Amino acid sequence: MTTAGDLMVIRPRRLELPVWLVAVGLIVRWLWRGLWWCLRHPVTVGLVVVGVVLYRQFGRVGLIVPVAVASAVSAVWRWKHEASWWAWCGGPVLGRFRQVFVYRRAWREAMTLCGLARTYDHRPVLPQLLRVRSDQALDVLTIRMVRGQTPEEFQRVTANLAYAFGRRHARIYTERPDQPPVRSGYWALVLGAVDRLRYRDRPSLVYLVIVRTDALRTVVEPFDVPTNPDFTALPLARREDLRHWCLHLLATHVLIGGATRSGKGSVLWSLVRALAGGITSGLVRLWVIDPKGGMEFAMGRPLFARFACKSFEAMADLLDEAVAVMRERQTRLAGAVRVHTPTEADPLVVVVIDEMAALTAYLQDVELRKRIASSLGLLLSQGAGVGVLVVAALQDPRKEVLPFRDLFPTRIALGLTEAAQVDLVLGDGARNRGALADQMPRWAKGVGYVILDGTPEPARVRFSYISDEHIRELAAEYPAPSDAADILAQVGRETADEPARPSLPRQRRGPLLPDSLLNFLDRDADGGEPR
Ligand SMILES: Nc1ncnc2c1ncn2[C@@H]1O[C@H](COP(=O)(O)OP(=O)(O)OP(=O)(O)O)[C@@H](O)[C@H]1O
């Protein structure tokens, strides 16, 4: 008899199987696993089968000759067309190798110690490594999350993951980090359909990009000056995957935040270099404000249509004139276009301001500061659409220093001194998503974080280094046209006429209230007769 408090242990009945049946069961299970593996790895299986057949037919020579020929073909391919070699040969092979020998071996340990493993039904459950794709610099790991996990959990431990696999930098993407290729020709329709399938939204996956070789450690040489700059894609920097990072300048304002000596100058000069072709052809006018007395920009004076570096009065005038240009364009273009297209007659005006805080916070003359703030506010809120853009650099991104921070749609964060400043420059949550701009090593001058088009995750880039020599050459080769400073002459030109408005048919004049309410207001409060 049991009494209250007695412990009853209930165990399911154990099925006793004969040993031979257990052995057969295990063999079938292993055979099935082997077959499944072969089905999933047809290339490896095919190569092994071919290798065995060749070896049996021709002995060692049967193996050595094909390997030598394949190596020679691969070497020539890489030499002639490195990009396609990485995409079709080197990348997949290296990725597979690293998946098996690097990531799989440390996977369980890394996931558990980084806090990404879960326990379900008394058993550990790990995120699943599906695929590794490598290129010259990066490994892209496709990971299936454990049910109930979110990408934010991976983003929080991005640095831990990088160090767990022996690297310094990693980034988590919620969608495939690469863009679908642009297809053309006969097969475009079919390949496009395949791409749509490959690039479909897969919420259960995250992509961990591990920087294997830090391509940003070496200084980036200046890019070629485009004769006709594409204002939607100006090459300014090198990305971690060795591609160019291009700035979309059209219809946006750009804010560059970076501590002193972090390389803000290289961002501004890379932009000037990318625009230089347009400066000479008259498509762009640079209006430059250098509150540091010309230390940064005076060397490139011939490139600039307007330049103010000494008197704050002159800087305020320059901004007022930019507002005048903006107003004139607004009046002229209203109703005709919604976004201004730069032409020689109507060029893009880019107001470049180095150390913006000197104008918005540190200027002692309160009246002048207010005047500057009001012009800047107008330019930032209304100038982008009419081709009057502001590109500004500053060291301290706090609101007291730069009240218009939120009016800059495009932001770049170079090395910063505090973790909190990263979100102030790039927007809330950017640091959690991997923009560790406050942890820049000393060598990382001109290295910064930018937000790539279409992805919320920040990317790390290094801006090209423009030396004094390059600036002198640029100024000599691409001076602004002689009438460049004269844009204000346009401001006086005739504005568009008022459009002729067809008269509408006259409506019958009548009471504005329905008949039932007509006399209502005249009644007494107790609903009596109209007064
Ligand atoms: N892209 C780059 N690659 C390599 N070195 C760079 C790069 N940009 C800047 N440097 C070096 O970093 C140092 C600081 O650069 P720079 O003067 O442009 O910084 P800054 O942020 O504009 O400084 P400040 O706030 O004092 O104006 C310089 O010695 C420069 O040579």
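Every residue gets a Cβ built from N, Cα and C, even glycine.
The ATP binding site annotation in TrEMBL covers G258, A259, T260, R261, S262, G263, K264, G265. DSSP assigns T260 (ATP binding site) to coil in the three-state reduction, placing it in neither a helix nor a strand.
Feature annotation from TrEMBL assigns compositional bias 'Basic and acidic residues' to 521-531.
Among the features that TrEMBL reports, domain 'FtsK' is placed at 233-423.
Summarising the annotation, TrEMBL assigns region 'Disordered' to 491-531.
Taking the binding-site residues T260, S262 in turn and counting surrounding C-beta atoms within 10 angstroms, the largest count is reached at S262.
In the vicinity of ligand 1, defined as a Cβ distance under 6 Å, the following of the binding-site residues G258, A259, T260, G263 are placed: G258, T260, G263.
For the ATP site, the Cβ centre of G258, A259, T260, R261, S262, G263, K264, G265 serves as reference, and the other residues of the chain with Cβ at most 8 Å from it are Q395, L414, G415, K445. Cβ neighbour counts within 10 Å, taken over all protein chains shown, single out K264 as the most crowded of the binding-site residues R261, K264. Here the domain 'FtsK' (233-423) returns a mean pLDDT of 90 for the predicted model.
The Cβ neighbour count for A259 (ATP binding site), using a 10 Å radius and every protein chain shown, is 18.
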